[in-house]
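Enquirer: Sharing the record's features from TrEMBL:
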COMPBIAS  18-32  compositional bias 'Basic and acidic residues'
DOMAIN    72-118  domain 'GCF C-terminal'
REGION    15-41  region 'Disordered'
Amino acid sequence: EEDNSSEFIPKCRTCRRQAREQSGEGDHHEGLSSDEELTPTEVDEFQKSKDNVLEDSRKIFEDVHADFCDIRKILLKFQEWKEKFPDSYCDAYISFCLPKLLNPLIRVQLISWNPLEVVILHQNFTELEGMPWVRAIEEFSDAENVSESK
């Protein structure tokens, strides 16, 4: 079987260039286009798939009590445990368990995060440090450091 890929790419470029010329598209700059540009149909399909994933992700914890799907509330329970029963807390090796415990909650929040997007919408935090779970963990770590220094 022959490899016609070396002929295919220049033909595609020529077809796109001719289509631009016929449509009068004046804002095209030679050398700035890509052979990997998505068609409007592909963009629509991607957006629909993305919307479906985001919709499904909102349903993941819908049957979980609010105290167990909010990172701040979970960490508050551990902080209370540490203050009331420090020996038990220490014996349970909580610092090793927390990453595994919080992992699913954090991953769900990261589903919609795109570090390459510059647009900041209502719940779209472009910087990781601005996400609520990061602040909750920082506050928990700060509180833990203060109680250890006592």
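Note that Cβ sites are derived from N, Cα and C of the backbone, with glycine treated the same way.
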Enquirer: How do the residues of the domain 'GCF C-terminal' (72-118) split into helix, strand and coil according to DSSP?
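Expert: Grouping H, G, I as helix and E, B as strand yields 36 helix, 0 strand, 11 coil.
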Enquirer: What average pLDDT is reported by the model for the domain 'GCF C-terminal' (72-118)?
Expert: 90
